[in-house]
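For reference, TrEMBL has these:
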type: TRANSMEM; residues: 12-35; note: transmembrane segment
type: DOMAIN; residues: 13-52; note: domain 'HMGCR/SNAP/NPC1-like sterol-sensing'
type: TRANSMEM; residues: 88-107; note: transmembrane segment
type: TRANSMEM; residues: 318-337; note: transmembrane segment
type: TRANSMEM; residues: 344-366; note: transmembrane segment
type: TRANSMEM; residues: 372-396; note: transmembrane segment
type: TRANSMEM; residues: 408-434; note: transmembrane segment
type: TRANSMEM; residues: 440-465; note: transmembrane segment
Amino acid sequence: MLQSIQCLPPEHFPSMAVLLDFVLQVTAFVALIVYDFRRAEDGRIDCVPCARLKSSTVAGDNGGHQRLHFVARYMKDVHGPILGYRPVKFIVIAVFVGLAFASIGYFDDLEKYMKVGPPLYFVVKNFNYSSASENTNQICSINQCNSNSLLNEIARQSLSPETSYIAKPAASWLDDFLIWMSPEAFGCCRKFVNGNYCPPDDQCFLHSDLHNGRPSTTQFREKLPWFLDALPSSDCSKGGKGAYSTSLDHSGYENGIIQASAFRTYHTPLNKQTDYVNSLRAARDFSSQMSKDLQMEIFPYSVFHIFFEQYLSVWKTAIMNICVCLGAVFVVCFVVTSSLWASAIILIVLAMIVLDLMGVMAVLGIQLNAISIVNLVMSIGIAVEFCVHITHAFMIGIGDRENRVRQALSTMGASVFSGITLTKLVGVIVLRFAKSEVFVVYYFQMYLALVLIGFLHGLIFLPVVL
């Protein structure tokens, strides 16, 4: 239920499912168990309670108890004594602790093969193009533009793509518009005597008078629609139609303010989840710094940002969820057992199970994302079943430590093996045949690893530590 307070949307739905499952287990499930117990006492057939068992079937029931006793005898007479030898204890502790430390190095190795990544847009809000404003020179990258302008800084960032994740300088409608209007581009910005726009193929032109190479507010307002409607041609390649038709928000530009305009560049190749997350973080850091330096509102946008925004803090979210869940389990165990030592043992074993599970994720190439975080947090609740029952049986046992370990293994160890491990294995193996890769990777592989790791820690490592 701790997942319900987190920011990742995929964590909210499992928390509700767990709540409903808990309510059903403490109400309907308990009632059904009582009725099933009464059915068994009354000698009625399972799933067909209207029919009673005959006396000849008693032998079959005894056979079922014999199978259960076989597991219990193995745990008491074979498994427990083997784990009681001092050399075996040292080997078990060394192996499990070594696996826990080896699992800390969580990584993935997906190679990259593309030459260019997705487009990246830097959006400038409330661009003031009036003559009295310096916004034009703060953004453009041609002559007379500021050396630290937005477009110049983007070009500098593209020189270090390994950290900025920017592959090339940005395409600028503002630069092309200023060049399109300049007298040097004599085939571009022209008009008839009556003031209407003159296409490049016609032989009429009248250059606008620019002040220091910059259009006045009136000229900017008049010529901008011409530029955005001009088709590139052999006489003038700077036409904005097509290339920049969707780069500006025209609403209200007559008042000297362009509410939003975008400058397009490209990310470097992004093939790993870490690439997408780091590129988003780098773009946001750059935009934040430029907004501060230029006193303008600038933000980045790319098609994948909306999907990876939540992963900017994915490690922080994962660690916080796991720590809070482990802390909650520790508190509950301490309240139930009244033993700080037993609660600490359970906490350590659960932490090792989570670390080993993350190590398996690294080996299998399972990335850390919202789904895997949910699985890691839920694995703590599932792994408790492999530990807490044996620990409780050990605490209420009689005799020295070795005898209590054997008693715990013969009673709860058999139940953990047959009632938890085997039943979960059967349910998990079915997911192997799912058509969806999501089910195979994030549910079959992770839950199979959890069951095996929990079984090994609960029935081998935990008895040695106890």
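Any Cβ shown, glycine's included, is placed from N, Cα and C.
Per DSSP, the secondary structure of the domain 'HMGCR/SNAP/NPC1-like sterol-sensing' (13-52) breaks down as 29 helix, 7 strand, 4 coil. On the 0 to 100 pLDDT scale, the model's mean across the domain 'HMGCR/SNAP/NPC1-like sterol-sensing' (13-52) is 81. The transmembrane segment (372-396) and the transmembrane segment (440-465) are in contact, since at least 3 Cβ pairs between them lie under 8 Å (pairs 6 or more apart in sequence).
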